[in-house]
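Contents: one structure, followed by commentary.
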Amino acid sequence: MLLPYSSHNNISNQFSSTQRFNSNKGGHINSAYDSNLDEPPVYEETNDDHRTVRPSVISAFGHDTLDRVPHIDFYRNAGSMSGHRAVRPSLQELHDVFQKVSECRCVRCIRSLCFSSMVGTQSPPLSSGTPSDDLESAAPTDDMKGMVKFGWIRGVLVRCMLNIWGVMLFIRLSWVFGQAGWGLGIVIIALSCVVTTITGISMSAICTNGVVRGGGAYYMISRSLGPEFGGSIGLIFAFANAVGVSMYVVGFAETVVDLLKENSAIMVDEMNDIRIIGCITIVLLLGISVAGMEWEAKAQIILLVILLVAIVNVFVGTVIPATNEKKAQGFFNYRSKIFLENFTPAFRDGETFFSVFAIFFPAATGILAGANISGDLRDAQAALPKGTLLAILITGLTYLAMALCVAATVVRDATGNSSSIINHTTPVICNGSTAVACELGYDFSSCEVEKCKFGLMNNFQVMTLVSGFGPLIIAGTFSATLSSALASLVSAPKVFQALCKDNIYRALHFFAKGHGKNNEPIRGYVLTFIISVAFILIGDLNTIAPIISNFFLASYALINFSCFHASYAKSPGWRPAYKYYNMWLSLMGALLCCVVMFVINWWAALLTYGIEFLLYIYVTVKKPDVNWGSSTQAVTFVSAVSNALSLSGVEDHVKNFRPQILVLTGSTRSRPALLDLAHSFSKNYGLCITCEVFVGPRSETVDEMNNAMEKNQLLLKKKKRKAFYAAVACDNFREGAESLLQASGLGRMKPNTLMIGFKKNWRTAGAEAVQSYVGILHDAFDFEYGTAMLRVNQGLDVSHIVEAEGLYDIVAKMNEKLVEASLQFKKKQPKGTIDVWWLFDDGGLTLLLPYILTTRKKWKDCKMRIFMAGQPGRSDLDKEEMKGLLKKFRINCSDINVFDDLHIKPRSESLKELQEMIEPFRLHEGSKDADQIRALQKEQPWKVTDKELSEFEEKTHLQVRLNELLKEHSRSANLIIVSMPIARKETISDFLYMAWLDILTKDLPPTLLIRGNHKSVLTFYS
C-alpha cells in the first residue's frame, strides 16, 4: 500500500487540523489539508489495507481547498503496477461539503486519520473518485522489484530480428529465388515486407494509445475490438506461435540430418531422424524457457552474435574466388550472366508464385516477437514501434541482399561432379537452361534429363557452399532456427496466459497462473511443448509453413483492422502517440492479409475463418464480464447517433409505426407483469423505457435515484429485457411522470405509448393520489400519447416481497397468488384466446398491440377474437365490414362478434356495485341548500355531484353493461383488451372516472385498456 508521506508522519499537523475544526465552532475543515505540502504527493510503501485522502495544495490556490491539482496518480487503475491510484474527492463531497452530514464525516475522518497514524492503521478513503476497477489491472506483488524488464533493443529489436531471421534465411531463401527468379523473388520479399510494415505501423498506433500489458497481439486486439474478436484471435495466435516452434525446430533438425547424411550417420531414416532430433531439441529449449526470461534473453544474445557472424560470412564468401569443387556445385562468384539468367522464374515440381510465397512468408511473421512479451518490457509504448519497424527494415534488407548475392553467384542446376569440366579440345554447344554454366566451362546438361543434387533449385545448403567458412553457416542455421523457436516458445505461453487471465474462456483459467518473480506461465509452456511435439512429428517443413502463414495473417488482418476501426470510430479516447499511420492504409493492410490468406491456401483460410467465427460466436453468447472501452462500442455509439439523426430528418409514416412504450413500473423488479407485457409489445419492434419516479425533496432522493440507474439497467440486461431504465426525482408523482412524458427519448426514437398499471387501491388512497393518477392519464392524452392500462385481479406491485430479502420465501408464500400472477406473462401462454373489444376507432392501436402479441412465441397458441359494437338491425352487415377491414389489414382472427344491445340498461345488482363504489365520494347536494353546496364544493371539489351523475348516466351505465358482457363472453380468455373510455377534462371528476375503469374491468382475467392517440397506426396501402 502507498501512503502520502506527510499523512503518514506528520501527526502534529493532523492534530492541529482537529483543533482548527473545534476553534471554528463546527465549521468545515478540510480533513486532507496539509500546509507543508505544495508538491505532488510522495508515496511510500506500507502494508496497510487503506490509504488516506491526499492532502490539498494550499499554495496553488492561496486558500484551503478540498480540490486537487491534476496529477497522474488520479488516473491510475486500482491495481496499477507503476504506482498507486490517488483519491480525488467526489463531486458530492465538494458540492455538499458544508452540509451537516459532510461535516460529521470530516470530523470522523480527521479523528480517524490522527488515530490511524498513531496506531499504524489507515481509514478508508472518502471516495474512490474513479470508475470501477479495470479487470486488466493486476495487483502488485511483493517481489515486483526483482522482475526482469527489457528495453527496446534487447526486448524488441533483437527478439524480432532473431525471429525473422529464421529457417528461411539459410535453408530456403536460395530455393525461393531459384524457383521465382530474383525478379519475382524481390516481389515476394517486398510483398511480405509491405504486409508486415503496414501491420507494424498499425500496431505502433494501437500500442501507443495507452499502457500496454502482457499479451501482445491478443492484448491489443481485445482492447481495441473487444473480447469477442480478441478472444477468438487470441487462441488462434497462441496456437500459431506454438506451431511456429515446431516449424523452426524442424528446420534445425533438417540441417542436422543433412550433416548426418554427409557423414553417413543416419540413425533410422531421414524423416524419423528429423522427428527424433526435433523432440530432443524442443525438450532442451523448454528447459531454457522454464528457467526464466533472464536466461532466455542471455541465450538470445549469444545466438544473435553467432547469426551476425554467419550472415557476414555469406557476404565475405561471395567474393572469395571459387574452387573447382565449388564451381562443380554451381558457385562461380559474381557473374552478370548468372545474374541475368536467374532473373526469370523457373517454377518446377508444381510450384507457383503463390506456393513459393506461402513457403517464404512465415519468415516475416516474427514481427510480433517483441509485442508478445509486452508485459516484460520496461516501456512497451516506446519500445514496440521503434524496435519492430527497425527490425522489419534491417531484416528485409538482409534477406534481399543475401538473396541477390546468391542469385548473382550460383546457377540453378549443377551436378557436383568435377568431371563436368568442359574439355576445350572437344567443342560443346551451349544452350538450354545450363547454357550459362556451359559458357563458364562446366557441362551440367545432364541436369536437364535427370534431377541433380546441386544448384539453387536442388541444394538447400547453398548458403554453406557460398560462404567463406561452411561450418559458420551451419552454426548460423542452428542459431537462426533455435532463436526463432525459442522466441515462439516464449511467446505462445505468454499470449495464452494473458488470454486465460481475462477469463474469457472459463475452462482455460487453469493456465492463467504464473510462477516466480516474472510470473512465468509454466503450465502454458507445457501445453505449448505438447502442441509443438505433435507438429514436429509431421516432420515436413513445407506442410507446416502454409498453416502458420494463415494463422499469422489472420492475426495481422485483425491488428490492421483494429487500427482502422479505432480511427473510424473517432473516439476522443483514440489519441495514439505514434502519428505516422493512416486508417485507410490499415484497412488496405487488413484486406491484403485476407487476400494473401486465400492465395496461399484457400481451404486453410476458410478453416481459419471458420474457427475464428465459431470462437467469436461462443464469446458473444457467453458475454464475458469485461469492459475495455473497445472501438466496437465507440462505433456502435457513432452509428446510433448517426441513425437517430437520419431518422429525425424523415417524417413518420403509418407503415413504419411501431409501439414505443414508456411504462411506469417503478423499479424494474416492482411490477414484473407490467414490464413483461410491455416487453412483449416492444421486443424487436420498438422502444421500451421502464420508468421510476422518486418522490420527495431532491436533496433526499437524488442519491437514491443515481444509485438505482445502473442497478436497474443491469437487472434489465440480466432478465434479457430489451428495454431502458429512466428515473426522475420530483416533489410529487404527477410532476415526475409529466417530465418523463415530455423528455424521454431522442428524436424519432421517443415513446408514443404510455403503459401504466391500474390503481387498485384508489378508494383508500386519498383524493390527492387519485387526482395525481388520473392527471397522468390526462397529461398523456394532452401530449398525444397512446395509453394502455393493465389490470390483474391479484395486483401488480410485488415490491414488498422483493424488499423482504431475508424473509423472501416466507413473504412470497404468504402472497403466493400475487407472485404467480406477477410471473404469468413470463411463461408460455396456454392454448386460448386474446379477446379484443374494439369499441372505438382510436387509429388502430387497440388492434395492433394484440396482433403483435400473436406473433410472439409465448402467445402463438392464442387466437385473436374481435368484439365490436353494432347498430341494431345491421349486425351481419357490420360483421362483414369488419371482416373486410381486417382482411385489408392482413390481420387474422378466429371470430368476430357484433353486439347491438350495448344500450340496454345493466342489471340492478351490477348498478348496485357501482353505487357502492362511488358512494363515499358523492357530494349528495340534493338535500342541501345552495350555500352549503357551494361551501362543500369549495372544500371538496373532487367529489361527484348529483348533476354529474345524471349528465353522464348513459356513459356510466355503458361501463357496467360492458362488464356484464365481458364476464359473459371473455371470462376464459388469456388476455382481454378493451377500448379505454376517455374522461373529458374538467367535466368528469377523477373519482367517477376511476369508478368507470374499476367497474369495467372488475372480476375479469388480465385486462388491458387501450386508447390510441386517434392517429392511424394501421394502413392497407402498400
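Glycine residues also receive a Cβ, built from the backbone N, Cα and C atoms like all the rest.
Looking at the stretches 36-56, 120-140, the one that TrEMBL records under the feature region 'Disordered' is 120-140. The transmembrane segment (156-177) and the transmembrane segment (469-492) are in contact, since at least 3 Cβ pairs between them lie under 8 Å (pairs 6 or more apart in sequence). Here the transmembrane segment (233-254) has Cβ contacts under 8 Å with residues 166-167, 171, 215-218, 221-222, 273-275, 277-278, 281-282, 285, 362, 365, 372, 460, 477-478, 481-482, 484-485, 488-489, 491-493, 495-496, 498-499, 504-505, 527-528, 531-536, 538-541, 544-545, 547-548, 551-552, 554-555, 558, 608, 611-612, 615 of the same chain, all six or more residues outside its ends. Within the same chain, the transmembrane segment (469-492) stays apart from the transmembrane segment (183-212): fewer than three Cβ pairs sit under 8 Å, each pair at least 6 residues apart. Secondary structure of the domain 'SLC12A transporter C-terminal' (671-809) per DSSP (helix as H, G, I; strand as E, B; remaining residues coil): 65 helix, 28 strand, 46 coil. Residues of the same chain lying 6 or more positions beyond the ends of the transmembrane segment (274-294) and with a Cβ under 8 Å from any Cβ of it are 148, 245-246, 249-250, 252-254, 256-257, 267-268, 373, 376, 482, 485-486, 489-490, 493, 516, 518, 520, 522, 525, 529, 532-533, 536-537, 539. In the predicted model, the domain 'SLC12A transporter C-terminal' (813-1022) has a mean pLDDT of 89.
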